[in-house]
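Undergrad: This is the structure I have questions about; it appears just below.
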Amino acid sequence: MILDVITYPDKRLFEKSADVVKFDNELAKFLDDMYDTMIAKNGIGLAAIQVGKPIRVFIINLINEDEVQDKNDLLEIINPKFISKDGEIVYQEGCLSVPGYYEDVKRAKDIKIQFQDRFGNLKELEADGLLSVAIQHENDHLDGHLFIEKIGFNKRKKFDKEYKKKSKLKPI
Ligand code: QAP
Ligand code: CO
């Protein structure tokens, strides 16, 4: 089932999500719906709060070397905790909740996280490059943060002005 994606400036995007405690069929169904939604909207990452559910869950499905978005590469990350962050990387980010806007964001280059899978099993993952960026971007959603909070002051001013103009033109 494809869910509606909440867009900026919806206040729910600024709420902190709560830990998952029940690893049941309802969670499994929700993760499947998140995947369908991310694919339908042409995304590579999606956090639960973006579809209105304030739980510490996100999914990431990057494009591989053959330029295919393979479901076998799907990552389902629940209750993530950062173990380490090192170095710096600048990457041009976008977000399904801020459609049509892309800007450079500086983040840690190398990260290590601990998380749970859909069954509640504890896992560890080391990442760099785009996967590291995607994990940090999605983890920010769990704490109520968007990438537009990490762009410079002047870029943010310009964004607010342009985005307001755009939403005035949008039909309801
Ligand atoms: C987060 O972003 C991310 O504006 C996932 O019109 C960002 O899937 C991961 C999208 C940067 C890694 C690097 C955005 C689709 C998708 C749009 C997305 C749009 C259509 C964004
Ligand atoms: Co996002």
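Backbone N, Cα and C atoms are what each Cβ position is placed from, and that goes for glycine too.
TrEMBL does not curate its annotations; it predicts them automatically.
So TrEMBL lists these for the protein:
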BINDING   C95, H137, H141  Fe cation binding site
ACT_SITE  E138  active site
Undergrad: Report, in whole Å, the straight Cα-to-Cα distance of E138 (active site) from C95 (Fe cation binding site).
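TA: Between the Cα atoms of C95 (Fe cation binding site) and E138 (active site), the distance comes to 9 Å.
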Undergrad: If you count Cβ atoms within 10 Å of the Cβ of C95 (Fe cation binding site), leaving out that atom itself, what do you get?
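TA: Around the Cβ of C95 (Fe cation binding site), 24 other Cβ atoms lie within 10 Å.
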Undergrad: List the same-chain residues at least 6 positions away in sequence whose Cβ sits under 8 Å from the Cβ of the residue listed as 'active site', in sequence order, or say none.
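TA: The residue listed as 'active site' has long-range Cβ partners G45, L46, A47, F58, I59, I60, I77.
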Undergrad: Please report the number of other Cβ atoms within 10 Å of the Cβ of H141 (Fe cation binding site).
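TA: There are 24 of them.
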Undergrad: For the recorded Fe cation site, enumerate neighbouring residues of the same chain (Cβ within 8 Å of the Cβ centroid of C95, H137, H141, site residues themselves excluded), in sequence order.
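TA: Filtered neighbour residues, in order: G45, A47, Q50, E93, S97, E138, D140, L146, F147.
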Undergrad: Taking the binding-site residues C95, H137, H141, which residues show a Cβ-atom distance to ligand 1 below 6 Å?
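TA: The ones that qualify, in sequence order, are C95, H137.
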